[in-house]
Amino acid sequence: MGDVEAPQLPLNQWWGDEEEPKDWQAYLANSSEVIGNRLMYSDTTLDDLKSLLNRTLHLTEPLEDVNFEYGFNSKFLQELVEYWRDDYMPRWREREVFLWQFNHFTTDIQGLRMHFLHLMVYDEYTVDRHHYPVLLLHGWPSSVREFYSLIHKLHQTKKDKNNKYIFNVIVPSLPGFAWSQGTSKRGLGPAQIAVMMRNLMLRLGYKKFFIQGGDWGSIIGSHIATLFPENVLGYHSNMCTVSSPKSMVKGLIAGTFPGLFAPKGYEDFFSPVSEKIQYLLEETGYAHLQSTKPDTLGSALHDNPIGLAAYILEKFSTWTNATYRHLPDGGLKKRYKLDALLDNVMIYYLTNSITTSVRIYKEAVSEEQRALKLDRVPTNVPTGCARFQNEMMHFLDLQLKDKYKNLIHSTYYKEGGHFAAMEVSNVLYLDFIEFVKKVEKVKKITGYKREL
């Protein structure tokens, strides 16, 4: 049950459809070009989607006195689809402009076309400010869209005497998500994606950088910090987890006696244990399906925008707040704008990436991935963990320190849930800045320049 050494993963494992190059130096020289992109979708594609959105007349009625307790309520689904078809779709070209407000690029990493946002800061905006690169990593069923509000805060060029920080922001679509190509080979799990994300950052000239992520972004970010500590200035997450056997035993004991272990005023983050376990059982059925039969699910949702929206947005309901299942609209309009939610659904639909995105669950639980035992490899880079009350699960410092030996920042918030970057972006931003300040004190730094 003790610590284990970090595994040595191949740094140039080939994931492309084409034959692996024999001359890697030549391949790297020819594939290193970063190309700016602005994808536009044809009127034919959009008209096909509109026709599919008309097929809602025969949705099964919900049971009496049922809101989201049985899943996505079909009455609200009808309302949502009508808004999507009659209000959102006529404005799609405006939404395209919104989605492409940042600089989008693609480049080839280990045989796969990788998509990412990249916002750089001109030197004139860095005067008297602490300037760093930060890698933002999303999860499922999210996308780069979740970070749009946070990006604006991190990349604020307007001078503010109260804001001494500005960042180069890099936001990739994970392999198989959105515009990033999925692989046709088995074995591309979170650890291998971590290698790809680090290679992307090196490609862009960032030998050292901060990481922020939740969901899969949290796990992949943790792996980068664990496997490549020399490249990571600090790792910050809004979903810090550790599933080592020792951590699980500690969590069970602490959850039974939260008053002895949890910070005062935050005991309800960890108890009552029976309710927490019940919540996890109710909300993780999707994970079992995606970890065992991802392609079956993908086939059911392929070219099925209404089913896709219901499947994705149900997570934005109950993962934001478990009590929202008792509301007629699942609380979706309570914490989010429908346009923002539909932007995210449109990204999955237009890129046909639902199947390739959910395969990460299958790869994550493979025997090969589990054999790496990365949860038991110590992470020594400065680490910060922000806990938002309505997240599905939380871990105490006494658990996290088993892995994160340099946990220098640990916070609790009585609002927010799983999609903190979209729901409470300002709280997350301020927490991240406080973490960066602590890293500066530890490392005695005030900025880091890009190296080309």
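Yeah, the Cβs are placed from backbone N, Cα and C, and that goes for glycine too.
Straight from TrEMBL, the features:
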DOMAIN    40-147  domain 'Epoxide hydrolase N-terminal'
ACT_SITE  D215  active site, nucleophile
ACT_SITE  Y361  active site, proton donor
ACT_SITE  H418  active site, proton acceptor
Request  = Can you check how the pLDDT averages out over the domain 'Epoxide hydrolase N-terminal' (40-147)?
outcome  = 94
Key: Alpha-carbon spacing, Y361 (active site, proton donor) to H418 (active site, proton acceptor), which is rounded to whole Å   = 17
Request  = Report, in whole Å, the straight Cα-to-Cα distance of D215 (active site, nucleophile) from H418 (active site, proton acceptor).
outcome  = 8
